[in-house]
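**Student:** Sharing a structure, written as structure tokens. Questions coming.
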Amino acid sequence: MNELPQQLVNGLLLGSMYGLVAIGYTMVYGIVQLINFAHGEIFMTGAFGALTVYLYVLPDGTTMWIALPLMLVGAIFVAVTVAVGAERFAYRPLRTAPRLAPLITAIGLSLALQQAVWAWYPNAKSARTFPQIEGGPFEIGSVTIQTGDVFLFIAAPISMAVLAYFVMKTRTGRGMQATAQDPDTAKLMGINTDRIIVVAFALGAAFAAVGGLAYGLKYGQIDFRMGFILGLKAFTAAVLGGIGNIYGAMIGGVVLGLAETMATAYIADVPGMSQLGGQSWANVWAFVLLILVLLFRPQGLLGERVADRA
Amino acid sequence: MRQRSLIAITAALAAGALTLTACGSRDEDGGGSDSNGGDTTVVIGVDAPLTGDLSALGLGIKNSVDLAAKTANKEKTVEGITFKVEALDDQAQPSSGQQNATKLVADKDVLGVVGPLNSSVAESMQKVFDDAKLVEVSPANTNPALTQGTKWNGGEKARPYKSYFRTATTDAIQGPFAAQYVFNDAKKKSVYVIDDKKTYGAGLAATFTEEFKKLGGKVVGTQHIDPDTKDFSAVATQVKSSGADVVYYGGEYPQAGPLSKQIKAAGAKIPLVGGDGIYSADFIKLAGASGTGDLATSVGAPVEDLPSAKEFVSSYKAAGYKEAYEAYGGYSYDSGWAIIEAVKKVVEDNDGKLPDDARAKVTEAMQGVSFDGVTGKVSFDEYGDATNKQLTVYSVEGGTWKPVKSGTYEG
């Protein structure tokens, strides 16, 4: 059997999830030059938000076709609340502080959020099972697509389209672009930059929440640490695509997902590389790719060379 | 330049964060050494993962040792001695395990330690205990090198540490036992072997592979997975296209569950077989409905079926522990009891008191310990391995593990 089409789909799915989370890293960085390391945990709280809606809000046995939109709302609500709260109480007080300070705060916040879920969410000390969409997998030629993955396949492009529309066509979106270019001048032009920053955090969180729900549906389980590795991967995807560029985040995610999958499936077949193949080496190859891109195109795949502001 | 240096700092911090989460340790039960009623207090240390992915197994170990200590206190097994349990959390990390070992060694009241769960953690603790002549009895480590030296497979068996014992059997028999069952009883002839590259998983996969090939089976593919990820879709696709009729996984249930699920989702309707590391109720939870028919081997006979274990099961229930005793409960109880028996011998030999060099004496006495435990006869051979070499194959049926076949492996 030719497994290449299936592996491409596997990589695309994994990459779409990285991309959804990477958008949050890239938007916040584009506007306040802060790498929000707690973003992986915002993704995680989004997934727990969706689970909470299913378990504790909806009546038992609600069909997924009704539950899913409500879970999405729950996921976005929780993730956005956490992100806006983090912005207000952890990052805004440090906005004029040296850049290292909010970065360290972000890492602290990341651990705090993990431990909060670990300690207070019922039975969250090990993985919790996530509700699944009923129905068998779809076969398209030699490619199998799981019902849970269908959500990701639909949600990722729609999310991108919504984001592009928002940033390009709405007033707030254009305000974001202006603030990203030059916050001081934007302020002078009457843009409420504080509000713009909150919007950037909220939007990033909403996409992370979509990713969190997709993760639960895809793997059937979520746990308090799920955001840590995935957050690092999404950050990598954002840098790979060109941090600050929202399309770059999605493309970086897909490239990273494909690279990992291809490395798992095929590196071991390359003569002389049998020791360096397999899934345990996938991360190594993903980071080799990142280093190569940064060496030859330091601004990332879609990033522009911008004049340094400082 | 500012932006790029920020990314560099960020990367460094990310690496820092990774190490931080790896070595943080959360201790439960700080536990001191208060004596009561003029009795001497002997502390039995426990080291196991009490939090994190493997906590279900770890908490089962802790509770079972606690039950052994309580039983000994109630029955006054050792006159004048009150046993107390101090449990430390190693989070399945070798570095935390070593820290805990140092901590236990520093507490003079500790005369024996039960644990750890993971062979890789045991590797980091053995020397610390051996230097202090403090006896360690593991209910769960199955890597042969721990008792027989790294060259155990080449016929040069040499015991590296005199203070290390275990009540569990080793992968040197667990892997081949699984291979014989899969080939002879389940009639599966081509296998895809996956492991997590850890001491336990890789060792188990290797002994399985060797025996499976010897029997005439075919290995149609191998993969090593990264235990930190949940996405095994690429591996699952490979398993499907390899045409294997069974998957062997060397590793633990947090990965085995999702792996089994994703392999079935990819369209390969074949059973996943693993060792005692996947023999947990949590595996079934994680593997979901498609996990029915998956197999696991585990050390010993099923605890529920042994007459000697009836009492353990009922007193465990009566003690009201929140968590189940899980795969290693019986072995943990026996490990704890072995320490109690050794202490008893030392005290009896010394006119009812603990001698000054109690630790060394207890370690010495452990070699001669022999009693009827929960899991059958408990005694140790010249390497510190259990003399009881029983194994059982379990299968997932109707949402629980059902014993399929018990036996003793003979090379």
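Positions of Cβ are set from backbone N, Cα and C atoms, glycine also.
Annotations for this protein, taken from TrEMBL, read as follows:
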| type | residues | note |
| --- | --- | --- |
| TRANSMEM | A:12-35 | transmembrane segment |
| TRANSMEM | A:42-58 | transmembrane segment |
| TRANSMEM | A:64-86 | transmembrane segment |
| TRANSMEM | A:98-121 | transmembrane segment |
| TRANSMEM | A:150-168 | transmembrane segment |
| TRANSMEM | A:196-216 | transmembrane segment |
| TRANSMEM | A:247-268 | transmembrane segment |
| TRANSMEM | A:280-296 | transmembrane segment |
**Student:** Restricting to CB pairs under 8 Å, which listed stretch, A:42-58, A:98-121, A:196-216, A:247-268, is in contact most with the transmembrane segment (A:280-296)?
**Tutor:** A:247-268
**Student:** Can you find at least 3 Cβ pairs under 8 Å between the transmembrane segment (A:150-168) and the transmembrane segment (A:42-58), where each pair is 6 or more residues apart in sequence?
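**Tutor:** No, these stretches are not in contact.
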**Student:** Under an 8 Å Cβ to Cβ limit, what residues of the same chain, 6 or more beyond the ends of the transmembrane segment (A:64-86), are close to it?
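**Tutor:** Result: 24, 36, 38-39, 41-43, 45-54, 57-58, 109, 113, 131-134, 151, 198, 201-202, 204-206, 208-210, 212-213.
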**Student:** Using a Cβ distance cut-off of under 8 Å, indicate which of A:12-35, A:42-58, A:98-121, A:196-216 has the most pairs with the transmembrane segment (A:247-268).
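**Tutor:** Most contacts with the transmembrane segment (A:247-268): A:12-35.
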**Student:** Any residues 6+ beyond the ends of the transmembrane segment (A:42-58) with a Cβ under 8 Å from its own?
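**Tutor:** Sequence-distant neighbours of the transmembrane segment (A:42-58): 21, 24, 66-67, 70-79, 82-83, 86, 113-114, 117, 121, 124, 128, 130-131, 204-205, 208-213, 215-216, 222, 224-227, 230-231, 234.
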**Student:** Please give the sequence-distant neighbours of the transmembrane segment (A:98-121): residues at least 6 beyond its ends with Cβ less than 8 Å from one of its Cβ atoms.
**Tutor:** 33-38, 40-42, 44-45, 48, 82, 86, 90-91, 128, 224-225, 227-228, 231
**Student:** Apart from its near flanks, which chain residues at least 6 from the ends of the transmembrane segment (A:12-35) lie with a Cβ under 8 angstroms of it?
**Tutor:** 42-43, 83, 91, 95, 99, 102-103, 106, 149, 152-153, 155-156, 159, 163, 176, 179-180, 183, 196-197, 200-201, 203-205, 207-208, 210-211, 214-215, 218, 230-231, 233-235, 237-238, 241, 243-246, 248-258, 260-261
